[in-house]
Amino acid sequence: MTESGDETIRLGDRYELGGLLGRGGMADVRVGRDLRLGRTVAVKQLRGDLAADDTFQARFRREAQSSAALNHPSIVAVYDTGESIDKHGSHVPYIVMEYVEGQTLRDILRGAENGRKILPERALSITADVLSALDYSHRSGIIHRDIKPANVMLTPSGQVKVMDFGIARAIADTSSAMTQTAAVIGTAQYLSPEQARGETVDARSDIYSTGCLLYELLTGRPPFVGDSPVSVAYQHVREEARPPSQLNPDVSAAIDNIVAKSLAKRVEDRYQSAADMRKDIERVLAGQAVEAPTAATAVVSGATAVAPAAPVLPVAGGARRAEPDPDDDEPESRAKWWIIGAIAVLLLAGIAFAIWKATDSPAAPIQVTVPDVAGKDVDTATRALENKKFIVSTKTESQASSEVDKGLVIETDPPAGESIDEGSTVTLVVSEGPKQVAMPDVRQLQFKVAKEQLENGEGKFKVKREWVDNTADRGVVINSTPLVNAPVDVGSEVTLFVSKGEVTIPNVVGQDIDAATKALEDLGLKVTTKDDPAAQAPDGQVTAQNPGPDSKVPPGTTIVLTVSANPGQDTDPTGTDGAADGAGVIGTEADGTDG
């Protein structure tokens, strides 16, 4: 579904959609308002271009089912699900979720790059809360499969919220390989070795991804980086990560041990549950020691250093670890041949190195200057970079900007003008448009006070006043546009609806006294009557009113109605002298001045 002009979008006649909060691979997330319960929510909708695809429909519904089954303080709650019909007639599913204020760990890590360091104790505390959420989901039979900084939020109070079970699967559904199409699901930098190989996954894959998350919180970078997702996946399978303490001297040996165990290549060598890893973290936070990983983990590292690595490719039917051959009668002989083979490999490597040293060194990589693509759209910028033989990262970064229009490139990483190797990866930083803040609640405040708060607060808003009839005191703010908590561009104009403190009196002459009284009392006015036995009007009909129609009076003013008291009169007279009889006192002063 898309927005058209200023038209308000509603789903199911219950949810009113506001601004865009985020955009993912298959869905958009908007702020919303639950009109029935009067609360702010987040609404995730399948992207319109994917709505006709049965595969994405099924995957989106699976996320709804997985998330709705989980009720934990560290997991974003799901309130409702449904479908809408877009302009093309396609069914577009949506999920209504808890609206969480705060930042993702990805945003916080970006801040750390600018000097806002995350202390090891805080990194452990955050990870412990993530593990608490995973322990609950695993015990409920759900594997997340995409734990990464962008899927973990931190509220202003410091509470952790795990979100986006977009590729979660029930544990019972993972008895076969993760995918039968050779497509690896998940984000490469946080992918477990078994996910990278396309093998069967279980809860221990989430443990590995959480280890990657902890590593980045401690060091400011993932355990493995590369020029492409394939190269990163290869490292997850074959390489050992540097201990975090080598990158951050504040990291203790005990923390190194936790990270090493969570990042073990073999699932058997990892923590066997989220609860186990959380217990070790709690021990470190309490100042206790944590055992180093078992020797089995070190064997993997040694084997990696000797044996040449085979290309990493997802396996359609899953992978199976080699078992000892029960018919093998010569294990010692086989071991001997393995040793001879390893020595031969080392000798060949030495010969190759000697030949390389005896000849010219390999040519240095070609250096290419990164072009300036600021202000261009993503497609144009991508073509310009690819023409220079760069690889453009498939994952762009977003950043608020009041100077660069939404959707255009702000800068690149590495920056324009820098000379780097041909074939290097360049990341585009794309504008999200002006920075947005939540609309403050200034209702029930005097306009002067509300205006000062909005102009001098975080939003630096331009404030417009619009007077409205209301029973509230004059000058009190009744409502605002945009609504409270809706995302608003910094520096934009907002409108405050302010009570006039006066009521416009309607014309009730000619009405039955009961109907006239109700109409006036509904406006917050008081009513008193006096009889007119000489009136040429049906009995009980209003013949005059004071103050007269269209007068403006404060709420609570008493209106005097002159009523026909002529039981024998059945027809409407052609004329009355009600105006003369209408003169009466007003129970409350109604000068309408601006106090």
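Note: Cβ is positioned from N, Cα and C throughout, glycine not excepted.
Automatic, uncurated: that is what TrEMBL annotation is.
Look at TrEMBL and you will find 559-569 tagged as compositional bias 'Polar residues'. Here TrEMBL flags 570-583 as compositional bias 'Low complexity'. Residues annotated as domain 'Protein kinase' in TrEMBL: 15-285. Among the features that TrEMBL reports, domain 'PASTA' is placed at 364-432, 433-500, 501-565. If you look up TrEMBL, you'll see 530-595 marked as region 'Disordered'. Feature annotation from TrEMBL assigns transmembrane segment to 337-356.
Packing against the compositional bias 'Polar residues' (559-569) from elsewhere in the chain are residues 505, 508, 513, 516-517, 520, 525-547, 578, 581-582, 584-586: each is 6 or more residues past its ends and has a CB under 8 Å from a CB in it. DSSP states for the compositional bias 'Polar residues' (559-569), grouped as helix (H, G, I), strand (E, B) and coil, give 0 helix, 6 strand, 5 coil.
Summarised as a single figure, the pLDDT of the domain 'PASTA' (433-500) averages 90.
Break the domain 'PASTA' (433-500) down by DSSP state and the numbers are 10 helix, 27 strand, 31 coil. Remark: secondary structure over the domain 'PASTA' (364-432) totals 10 helix, 25 strand, 34 coil, with classes taken from DSSP.
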